């Protein structure tokens, strides 16, 4: 079989060093962003010093406005707005985390009790699940360590989301101020801030997982099967927090957005982010808690789960059986190299090429995807050559399949390139530079109804190529390396997570920057620049969601394979009634979940619209700009609605595997997992792309950049109002239901995997009775 070229010591040095490099690089980017000062002598957004500013000379402060104004009032106004957004986002996340913390403790107890009861809480060593001739650690140890890794994953996920939000709220006003110097400077500030989040999250996720494996190894010793079974809790913790972050944040942001748009733009005919609109602060807070904190936790969950799925399968393959440490940690080495590749890629956007015109923004972001994918392909090739033996065996539903190292390289590479294809197809269907979105904008001539019809058709059509890309990568990776191949294909798609997150976080930061420019009363030229940054950010956000959905499909299939192995199911036969009823119910779950989240946004938006209307009607001088609106009430409506409404959808996802596993058994549960995966992926892609297309169709009309767009505008025209209605319908689709669905399919799979021993031993109560 042969040994790997890279020694175990080399692996032990490489992984933590790459993680530390990632953290150091993110801190460097943060220092560069913080050089843009918000006010002479005071810096309210700084997480470092809680409001105490630097002592630099006033000449260092950003006061050279292109229009020839040295207006300190604008800078102070930006600082004030930024402070309000930051406080709103922080207070919401703390409230959310209090509720989530209670759930986290309760679920940790559940994991310990259920898994400990598999062997009746015995502390005696047991024969190993996959090799009865060997003795492994007791089930109680797996219960305890699974609980610890669940809490580790949950805390890391929460911290990732919170840090992302802090960085975004720190950078938004700085991006606005840099826009006075030109679009290039503003782009670099927004992108660097996104990179802080991307690298911090990728490096933290890797480092915590690596440390956990090494600490668990002290107890488990040679029992690698038990060790990596316990590690699966890390993925469950990450995804369960991401679910609440995504759903709660999504309801918050869209309730505010819909309320602000419908009353402000359609009824009162005032611009987006106008300071007279009472919901405007809540809308900007929502961008940070939904698109930043939610997205950060979501992609961290995907990364943790794909790593756990690969490690579980590897631990019962030749790597784990022969205790080959370097090949065993192949998934982590890929992620380590990914951080270095993303670091080089980021320099292309911030240092090697300077953006001088608006039309260069989107190509620059697309270049990031291409460069990172090409470099990562080379990186995977090198890693597969040095970290793997030339030939080895992989567990394949009871058998050991012989695999060559070049085959595993192809598995990772196919996932990586499938991600790029999904990204570009998503961009084609959601960017207003291409005909699909322009057709949707054109349909606004005849009103909102035709706009809705065209938008829905676009979303359904946009599923075709991504589904084929996912199907091909599943077929290739499974043919070469069974379920392990699918797990590493998912890791390949997520290997450039730092760049993906940087591009993704850039969008909401630019959106906030535009809002601050409008509220601070900055000139039309500056608002045009921030709008251009935001339009590109909208498309990149759609690309990010495409990556998240594609990787979720592969991750949940890999977890499904690990679950089937761990629950000792020999075959999943669709023709047996137990499995088929599971398939039907599983396929229905994404619809049930979407209905809950959409209705939650609708009812929260209803309250918001009523409050915004009330303020416009009862506060004298509000429309004239002589009185200030009551922003705090709107922030409270969004906060209360999202906290209350996130619990039922969260409970649906978390309880379904438990109820099905306990009462109907592992075969029905395997059907539920397959059904939810198949229907969830389609709905998620179409919902995200429909919403993204409607949003950019509206921006296409507003920008009026082409002759065609000018015939549909200007703002306030009938086609523009029809586009705003389409955008408002699309908001909960693209930012609440769509992105939360990929967590649904992953979370149910990883939860089933963690509880598999309990379900296999004590599950299927109803079938046992009858």
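In case you wondered, yes, glycine gets a Cβ from its N, Cα and C as well.
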For which of the residue intervals 294-316, 524-546, 547-569, 616-638 does TrEMBL record transmembrane segment?
547-569
Can you check which of 186-213, 214-241 TrEMBL lists as transmembrane segment?
186-213
For the transmembrane segment (547-569), which stretch among 99-118, 138-165, 407-430, 482-503, 575-593 has the most Cβ pairs under 8 A?
482-503
Is it true that the transmembrane segment (186-213) and the transmembrane segment (369-387) have 3 or more CB pairs under 8 Å, sequence gap of 6 or more?
no
Take the transmembrane segment (13-33) and find every residue of the same chain, 6 or more past its ends, with a Cβ under 8 Å from one of its Cβ atoms.
6, 167, 170-171, 174, 189, 192-193, 195-200, 202-204, 206-207, 210, 329, 332-333, 336-337, 339-340, 343, 346, 350, 498
Could you give the residue numbers and ranges of same-chain residues that sit at least 6 residues beyond the transmembrane segment (99-118) on either side and whose C-beta is under 8 angstroms from one of its C-beta atoms?
139-140, 142-144, 146-147, 150-151, 154, 158, 233, 236-237, 240-241, 244, 643, 647, 650, 654, 754-755, 757-758, 761-762
